[in-house]
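Novice: Mind looking over this structure? Questions follow.
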Amino acid sequence: MLKFLSKIGDYTKETIQSARYIGQGLAVTFDHMRRRPVTVQYPYEKLIPSERFRGRIHFEFDKCISCEVCVRVCPINLPVVDWEFNKELKKKQLKHYSIDFGVCIFCANCVEYCPTNCLSVTEEYELSVYDRHELNFDNVAMGRLPYKVTEDPMVTPIREFAYLPEGTLSGHDLPEPAKRAGQLPQDIVKTLK
């Protein structure tokens, strides 16, 4: 009889423990059901890149003076600059400029150190292709400006990270009157309207 009662007691404890585990799992599920979705429906919705986002490099052929500073500051010596010396003008003339974005680490040193500002960083990050040789952009391909996310008619720009808790985007331990570096995404969208 004692053995029977101990088995009933063990069964009851296991049942209560199982119910507790199921309750904990359901509590987590219901907690997540109250939140907004975290995922972005990518081809149709895109986040607005931040001000400091480093995407594909834009090149302006007319501004380039063939100084090759971009090649010297690049950690992997990536930009290819072909030029010839014009004896009449007594200066270098650019013939061809290219960057292989399959190798580029998007550090933007070339943009930062360019003396004529012929290089700039765009917000384009969709560089996927089927053949990696197509990632070798010449001066014509780099001269094209991409669509901005906010101007693309086929895309709904996501204005902010709505799922983050309040105060996450503010500066850490800064006094109230201190200015925050950069702009919040919702402020960028307000300026575009």
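Cβ from N, Cα, C; glycine included.
Pasting the relevant annotations from Swiss-Prot:
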BINDING   C64, C67, C70, C114  [4Fe-4S] cluster 1 binding site
BINDING   C74, C104, C107, C110  [4Fe-4S] cluster 2 binding site
DOMAIN    55-84  domain '4Fe-4S ferredoxin-type 1'
DOMAIN    95-124  domain '4Fe-4S ferredoxin-type 2'
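I'd like to know what surrounds each of these features in this structure.
Specialist: Remark: C67 ([4Fe-4S] cluster 1 binding site) has K92, P115, T116 as non-local neighbours, by Cβ distance under 8 Å and separation of at least 6 in sequence.
Following the DSSP three-state reduction, the secondary structure of C74 ([4Fe-4S] cluster 2 binding site) is coil.
Across the domain '4Fe-4S ferredoxin-type 2' (95-124), mean pLDDT in this model comes to 95.
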Novice: Where does C107 ([4Fe-4S] cluster 2 binding site) sit in DSSP terms: helix, strand, or coil?
Specialist: coil
Novice: Tell me the Cβ neighbour count for C107 ([4Fe-4S] cluster 2 binding site), meaning other Cβ atoms within 10 Å of its Cβ, over all protein chains shown.
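Specialist: 14, counting other Cβ atoms within 10 Å of C107 ([4Fe-4S] cluster 2 binding site).
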Novice: Tell me, which binding-site residues from C104, C107, C110 are within 10 Å of C70 ([4Fe-4S] cluster 1 binding site) if we use the C-alpha atoms?
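Specialist: Cα within 10 Å of C70 ([4Fe-4S] cluster 1 binding site): C110.
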Novice: In the same chain, which residue numbers or ranges, 6 or more beyond the ends of the domain '4Fe-4S ferredoxin-type 1' (55-84), come under 8 angstroms Cβ to Cβ?
Specialist: 49, 91-101, 103-125, 127, 137, 139, 142-143, 145-146
Novice: Using all protein chains shown, find which of the binding-site residues C64, C70, C110, C114 scores highest when you count other CB atoms within 10 A of its CB.
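Specialist: The residue with the most neighbouring Cβ atoms within 10 Å is C70.
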